[in-house]
Every structure is written in C-alpha cells, then in structure tokens.
Amino acid sequence: MDYFDRFAIPHPSPVIYASMVAIGITVLAIIAGLTYFKKWGYLWREWLTTVDHKRIGIMYLISALLMLFRGGVDAIMLRAQLSVPENKLLDAQHYNEIFSTHGVVMILFMAMPFIIALMNFVVPLQIGARDVAFPRLNALSFWLFFMGAMLFNISFVVGGSPDAGWTSYFPLAGNEFSESVGTNYYMIAIQIAGIGTLMTGINFMTTILRMRAPGMTLMKMPMFTWSSLITNLIIVFAFPVLTVTLAMGTMDRLFGTNFFTTDNGGMDMLWANLFWVWGHPEVYILILPAFGIYSEVISTFARRNLYGYKSMVASMVAISFLSFLVWAHHFFTMGQGALTNSIFSITTMAIAVPTGVKIFNWLLTLWKGKIVITTPMLYSLLFIPLFTLGGVTGVMLGMSAADYQYHNTMFLVAHFHMVIIPGVIFAMLAGLTYYWPKMFGFMLNERIGKWAAWLIAIGTLVAFMPMFFSGLDGQARRMYTYSESTGFGIYNMISFIGALVLAVGFVLIVYNIYYSTRYASRDISSDPWDARSLEWATHTPVPEYNFAILPQVNSTEALWDAKKKGHVLFKGEYEKIHMPNNSGVPFIMGCIFFAWGFSFVFGMWIPLILTTIGIFACMALRSFEKDHGRYISVEEIEETETKLRGAN
Amino acid sequence: MKIKWALLTIVFTVITVLTGCEPLMVLDPKGPQAETQANDIMLSIGIMSFIVIVVFALLAFVLIKYRASKQSKDYEPPHMEGNVIVEAICVGIPVLIVAFLSFVSVQSNYKVEATPKGYEDKEPLVIYASSSNWKWHFSYPEEGIETVNYLNIPTDRPLEFKLYSYGPITSFWIPQLGGQKYAMSDMVNTLHLGADVPGEFMGRNANFSGKGFAENTFDVEAMPEAEFDEWVEEVKETAEPVTEEKFDELLEPGHLGRMTFTGTHLEFNPPPTGHNHGSSDSDEHSEDEHTEHQESSDSDEKETEHNNH
C-alpha cells in the first residue's frame, strides 16, 4: 500500500473528488463520441499526425483556450476566498496550490501557446511561405507543449499540485519544505513544454530568415512577423537558461544535489537569479507578439499604414536587448546594495522609453486615419489606456528604493495583471477575432464580441485597480486570509466583483463562438476586414499549400498595394508544389515524453529508463528515415483553385 | 455605448473615493526611511499621472476626430512613413522623464541603505531579526534580551536590523517605518530603519513561505528611549533565560504568541557567516562603514569562539 500512497492527494477535498469524477466522465464522453461518430481515423489523419502549420496553430489555440478556463477557475477561487476577511472557503494549503498553478497555467500553458498559435497560423501566410522551415519539428513542439501541459494538469488529481508559487523559490520548493510531488510536477512538466518552445524558437527564426516571399527584405516584413522574429530570438537565448535551472532544481529534489539548498554550499539566491534571467525575457516573449498583433489591427482599422515602421522595429530590438539586463529588479530587496540596485533601477526604467515610442506610434497611426471600430479594434483601443496604467506603475516599481514598499504586495500583483491582461490577453482576443474568418471561414458576431470586450476591460479595471490601494495599505500577496481589522475587506470585495465581470466576459466569448458557428454566414470574402498584408491574399479556407503561386512583394503592405496601386502579386504559371508528409512520430514521441515525465515525477526509475530509450529510438528512427515529402500536381492545384475561387 | 461609459465613470469614481479613505499605510510614514519612500512614491505618481493624462487625451482626440463615421466617404488616409522630429520628441520626452526618475531613484537608494538622515550622530541599536516557520525572533545582543513575535524599539534612534532566516526566504517588513528586505538562511542582510514618533505598527513577513505565511506577523511598538530602557530592565528581571533546548523547540514549525527571554540565541546558535558585501559599499560615510566592519568582525569572533566550544 505504501507504494501507492504517493499517488494519493495529500490534501483531499470534495471539490477535488468532484473534479476527478468530472475528468473521468469527460474522457469517457470523448472516447464514446469519437467511436460513435467513427471519427478516430479522421482525428488521426487530419490532426494528430498533421504537420500543417495552420492545423498546428489551431491545436495550440484550442489548448490555450482550455487552459485559459482552467487558470480562470483558479483565479475565481482565489478572489472568492479573499473576498471577505477570515473566509473559510479554502484552507492555506489549497490556496497555495491554486495560486501556484494559476500562475504557471496562465503564463506557460495559456499565454505562451496563444502567441505560438497565432505565430503558427499567421507568420507563414504573412511572409508568403508554404509552411514553416521544419514542419515535423513544429508538430513535435506542439505535442511536447501539450503533453507538458497535461502532465502539469493531472497534478491536482494524482499526487498533489505544486504549492511554492509560480516562481518556486528555493529553499521553500526544496525537499525540506515541500514534501509532496507537486514541485516535481512543476520541474518536469515545464521542462517538457519548455523544450517544445525552444524548438519553436529555432523553427520560426529559420522560417522568417530563410523562407520569405521574393522581394520581402527584412525591412519589408509586416510588423507581426518582425515581432515574431524578435520574440523567437529571445526564446532561443532565454529558454536554455530555464532548461538548465529546472534541471538543477530536479536534481536537488530527486538526486540529492545541493545547488539551492541551505547547507552544503547551496545557495537559495541562485534559483531566484537564474529563474528571473529567464523570467524577465519571458515577459517580453509574451508582450512583443502582442504588440505585433496591435500593429496589424490598428493599421488595418485606421485604414492607414503603420506610422514609424523603422522606430517600431528599433524599439523592439531595444526591448529585446534590455530585457536581459533587468532581472534583478524582481528582488531589489535581496540585499545587493545601493550600487547594484541603482544599475538595475535605471535599466528597468529605460525600457519605458522604447515602449513609450510604440504607444505614440500607434496613436500617430490613428491620427489622420479613418477609424472603424470592430471587435479587434475595440480591444486594441481599450489596450492603450489600460496598458498605460499598467506600464506607468511598472516605472514606479522600477524605482528601487520605493520598491522596498511595493515588493511582494498586491501593488505588484495589480501591476503585472494590468500589463499582462491588456497587453497580452486583449491582443490574443483581438488576434483571435481578427484571424477567425481566415481560420474557420466565418466571422464571429460583432455585437456579442464588443460586449465581451467591454466587460473584460471593465472587469480588469474593477478587479485590479483596488489592488494598487490594498498593496499600499500593506496587503502582502499570496496571503490566504486576513483579519477584519486590516481594512483590506472592501478592496478585495471589489476585486472579486471585477473577477466575476471578467468571467462573464470570457463566457460571452465562448457563447459567441457557439452562436457564430451556428448562425454566422459562410459566404465571406477572403479579405473580410479589407486588410493590408499577405495572409489575406490567399483563399478562405486556406489551401494546404497556402499560395498556388508564391507572391511578389515590394513593400510592407503588399496586398494593399495590389488592391490600390495595381501591384501584381501573383506572376507566372502553376508549378507542382513540394509539401511535407504527415507523420505520427511527433505525437507518439509526445506520448512517450508524457510517460517519461510521469515516471520522473514519482521517481519510478525502470519506466523512466524504458521511456528514455523510447525517446532516443524515435530520434534514431527519424535520422534513418528517408522521407522526401510529396508533390501536389498542377492538375490538383488547378482543381483546388477553381473550387476555392468559386467559393468566394 | 452609453451604458458602458457610465459604468467606466462609476469605476473611476469608486477608485477616487477609495483614495479618499483613511491614509494608506505606506503613504503614512512614521520614520525617515518610510518618508523617503513615500515621497518617491508620491513624486512618481504625480509624474506618471501626467503621462497617463497625456496619453488618454491624445487617444480621446484621435478617436473623436478621425472616426470613419465623422468623415466623408471618399476620404483616403494619407501614407506617412514617419517623421524624424516627431519621433525624436516621442523618444526625447520619455528619456528626460526616465533620467530624472533615475536620478531620484539612485539618490534614494543610497539614503535607504544608510543610517537614516538626521540620525547619523546617534549610536544605532542593533537588533537581530530572524524568521523560522512561521515566527519572528528578535535578539537585542547589547541589551541581552530576546523576544518572539513582538518588537519594542526606541524612537529617535537609528535601528540596524540584521536579518536572516531558519528556513525559506522571508521578508522583514514594517510598512510605516520603511520598506522590506529579505531574510535568508545563508547570509545576513542589514536593514536601516528609524521611528520618529511613538506608536504601534504592523510588521510582517512579506515573502511567501508556506502554509503559515498569512499569519506570519509581529507587533511593533515604538516608545521613547527612557520607556524602552525601563522595558529592557523589566524583561531582565522577570523573563526566563533562552536556552539552546528551548530555542530548538521554538524553531519547530508552527505559530506562537508573544514571548520574552533574557539572553539571546546568538550565543549558541549564531547567524550565518555569509556577509552581504553589497550593502557596506553603499554606506556613504566612512565612519559608519568602519563601525559596521568592526561589528561584523566582532560577531565573526563570537562565532569562531562558539564553533571552538
């Protein structure tokens, strides 16, 4: 029996048993449904084995939305617990687990796949390519991310969730103070997903640098592609740090090393430093693609070219450089002394300059434009004021002496939610609504979409503005309860109401997807927003080869030039197109990685060795496999093109 | 749209009303360090409000003026690449603001990392503050007494807290006296504070340290020097001595009420030997630096002595 004890939940509660049942029923329902509708073959052929960047993008998107709701439910529970003083809804242990998983899920398993979803779908179309540089690697990236996310999510029903915060500072996260397997899940699940992300970084850098359409020089790339290039550059530099840090943490927990322990020469400060050397660039990995989306959306709906293209690019390069020089601002209070703090204080505030340049450039793009407020545009317009509020409080936090008072308080929590929600989430929702017709061939309802946007914006303000005040009033973050005499009650009650408004907004988005799927017109053009860049130059739905003839590019807005200035995008005849073959190996390798991670979490060494061999076997198989892809014949292209042209 | 704007207005009104409530702890400083920080905060709020107003105004202007519904159907927005002068202004003004704030920030850094201003000529009171799951131990080595979960301090005298932890990283924070600093198990951090007026303040661990974190607080009472001395005398007469055995018992994870002892645990359970070299760099006054080094070498001596036993 002892052996099986480790799989039990250390702190069970009715809610967890209910979720176990719910998970079981859902899995059974999915299996039954697939069997009843005879969809297993379809699922395997069209999705599990696909290497098409568009389908991989959609799978990333679905995962991100699922994780958004997992993280959102966590958030509601946290706010509900704090809504009144001395609340007994959750105990300390549950609260700690929930805020830890909320952070990890939202950053690594929601925001990351969301940006990667849009990158996957949009970047190859935007640069006029037929797929990414390494399609099969792309599939492997997705399956590693997905299996990492799943492994992390089963932690709350098998063995217990991590409870040391999303930052997982040692020695708290060490064996001495975190005895359950929760932190093992943290180390291994993020490791697996992180390897996937690192491969995405390499893949997209190669794609953008090597596969652009003829005529598209670097300075003629659309802004979202530029932001993706810079983002993937940061990924390639930052993620290896995470890999190494997590490996060290894993060894401390499972193999008795002493990197971060309190004795035998270990150093707890080392974890904090290494974590944030990755963690701060990570923030910019999230925000830069978001900036790219805003640039596309604002210029489309202001009916103008993006103002200050060169300074936009320069500011992103500056941000990417500075992002590696500010990590110590996450712990000004560690006692580095005035000199070190001063240096990091200045570099931190310096980031406000390139960010400010971007805000002003968007405002100048709106200037003299012809602004049409659609749902994606509404998100972008709400982003500017809300993000400004979040951004300026970031400058305040950058003043290190004052940070001694903000650090670890709700003020900080308010700040990063006020930048991440308007910055990243609004952008992803804008991008989702904007690219939805290209992905699925119909538009989301504008009326419901705008209601959702307003509710989410108002919910954000109501939920997070009070935290600035409660932070300055001495409420530390991560407290599971507080006494009535502190006076924090009113702020937290308002926050809870804001969280509920946010929840209604997100539910409306789901309802919109349902409603539009049922009722929206399928008869839309391939360019429904009257947009400016190449992704709108191909058909809807996009054929698997993207472009029958590779487009010719002469400016940053090739499609606009084709529409307004008579530029000819597609010259020449159809030729046969070389495409990659589907492969089941990435999915199988993902499954093996899942088993590998699970064995690792519980220290089951024999399965661990077997799965490790399995992973290497898959890699060896790939090395010796002869797969030259396949060709789509000219007749087939002609047939598809005629059919799609008819559909428009 | 009208409903939404009305809602937004309500949100902002509520926020403004909230600000009007009793002063927020951090903005109600009772010591010189907290005052420096509160001044920085108010200054930065002022400058940032200006930026926020400018951005909001610009956004409102372009949205009102350049809506498609306000323009003729055949209006074609112009193609503009950008303008060096406009972009230079967009860079220049933020650079000036950031430069000014950097200047303030650096100045304050050296202020909060040194003996509080106006207190330089007084001898500092050294207090060792150590955390264990989930308690605070305060040792007064000069007075030879120790308390748990409460801290009595004299007013008008510089306070030098030596911070370390028996366990996870914690953060020592008394918002009304000054900002926080980490207490860690492998090094001693120094935090300079001071209290201008007598009173009772909230103190807590601000850094998440596990299950008992929320209740990891302590009471602070600042009193005039004479009263403080009286209290020390009283403790010496009435309290039990802290023994190694008793202290080990105190270190067990859990919560405790207020406790008082004579003697300090520093004698048999010395603080970690790692020293924070960074903070001694920050001392502007060579005199202070000198005393600090002397103190640290003193405690080094004590430690070696005890290790020999």
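Just so you know, the numbers here start at 1 and follow the chain as drawn.
Including glycine, each Cβ sits where the backbone N, Cα and C put it.
Look at TrEMBL and you will find A:38-554 tagged as domain 'Cytochrome oxidase subunit I profile'.
Cβ atoms under 8 Å from those of the transmembrane segment (A:15-37) belong to residues 9, 43, 156-157 of the same chain, restricted to positions at least 6 beyond its ends. Residues or ranges marked as transmembrane segment by TrEMBL: A:15-37 (among others).
Among the features that TrEMBL reports, transmembrane segment is placed at A:58-78 (among others).
Annotated transmembrane segment per TrEMBL: A:98-125 (among others), in sequence order.
Under the heading transmembrane segment, TrEMBL lists A:137-158 (among others).
Cβ atoms under 8 Å from those of the transmembrane segment (A:185-209) belong to residues 100, 104, 108-109, 112, 116, 119, 123-124, 127, 129, 132-134, 137-138, 140-145, 147-149, 151-152, 155, 159, 161-162, 164, 168, 173, 221, 225, 228-229, 232-233, 235-236, 239-240, 242-243, 246-247, 249-250, 253, 593-594, 596-597, 600-601 of the same chain, restricted to positions at least 6 beyond its ends. Among the features that TrEMBL reports, transmembrane segment is placed at A:185-209 (among others).
Taken from TrEMBL, the feature transmembrane segment covers A:229-250 (among others). Tertiary neighbourhood of the transmembrane segment (A:229-250): same-chain residues 115, 119, 168, 170, 173, 183-184, 187-188, 190-191, 194-195, 197-198, 200-202, 204-205, 208-209, 221, 257, 259-260, 271, 274-275, 277-278, 281-282, 284-285, 288-289, 316-317, 319-320, 323-324, 600, selected by CB-CB distance under 8 Å and a gap of 6+ residues from either end.
Annotation source TrEMBL lists transmembrane segment at A:270-294 (among others).
For A:306-330 (among others), the entry in TrEMBL reads transmembrane segment. Within the same chain, residues 219, 223, 226-227, 230, 233-234, 237-238, 272-273, 276-277, 279-281, 283-284, 288, 291, 295, 298-299, 336, 340-341, 344-345, 347-348, 350-351, 353-355, 357-358, 361-362, 364-365, 367, 397-398, 400, 403, 556 sit at least 6 positions outside the transmembrane segment (A:306-330) and bring their C-beta atoms closer than 8 Å to a C-beta of that stretch.
The list of residues near the transmembrane segment (A:342-366) in space but at least 6 beyond its ends in sequence, with Cβ under 8 angstroms from a Cβ of it, reads 291, 294-295, 298-299, 302, 304-308, 311-312, 314-316, 318-319, 322-323, 325-329, 332, 380, 384, 387-388, 391, 394-395, 397-400. If you look up TrEMBL, you'll see A:342-366 (among others) marked as transmembrane segment.
Residues 79, 375, 378-379, 382, 386, 393, 410-411, 413-415, 417-418, 421-422, 425-426, 429, 433, 475, 490-492, 494-506, 508-509, 511-512, 515-516 of the same chain lie 6+ residues outside the transmembrane segment (A:448-469) yet bring a C-beta within less than 8 angstroms of a C-beta in it. The transmembrane segment annotation in TrEMBL covers A:448-469 (among others).
Annotation comment: TrEMBL describes A:489-514 (among others) as transmembrane segment.
The transmembrane segment annotation in TrEMBL covers A:579-598 (among others). Tertiary proximity for the transmembrane segment (A:579-598) is limited to same-chain residues at least six positions away from its ends with a CB under 8 Å from its CB atoms, namely 44-45, 48-51, 130-131, 135-136, 139-140, 142-144, 146-148, 150-151, 188-189, 191-192, 544-545, 604, 607-608, 611-612, 614-615, 618, 621-622, 627, 629-632.
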Contact check, the transmembrane segment (A:137-158) vs the transmembrane segment (A:58-78), 3+ Cβ pairs under 8 Å, seq sep 6+: yes
Distant-in-sequence neighbours of the transmembrane segment (A:98-125), which means Cβ under 8 A and at least six residues beyond its ends: 53-54, 56-58, 60-61, 63-64, 67-68, 70-71, 74-75, 77-78, 90, 131-132, 138, 141, 145, 148-149, 152-153, 155-156, 161-168, 182, 186, 190, 193, 197, 200, 204, 207-208, 211, 224-225, 228, 231, 282, 285-286, 289-290, 293, 420, 424-425, 428, 431-432, 435, 438-439, 478, 534-535, 538, 542, 546
Local confidence of the prediction over the domain 'Cytochrome oxidase subunit I profile' (A:38-554), expressed as mean pLDDT: 95
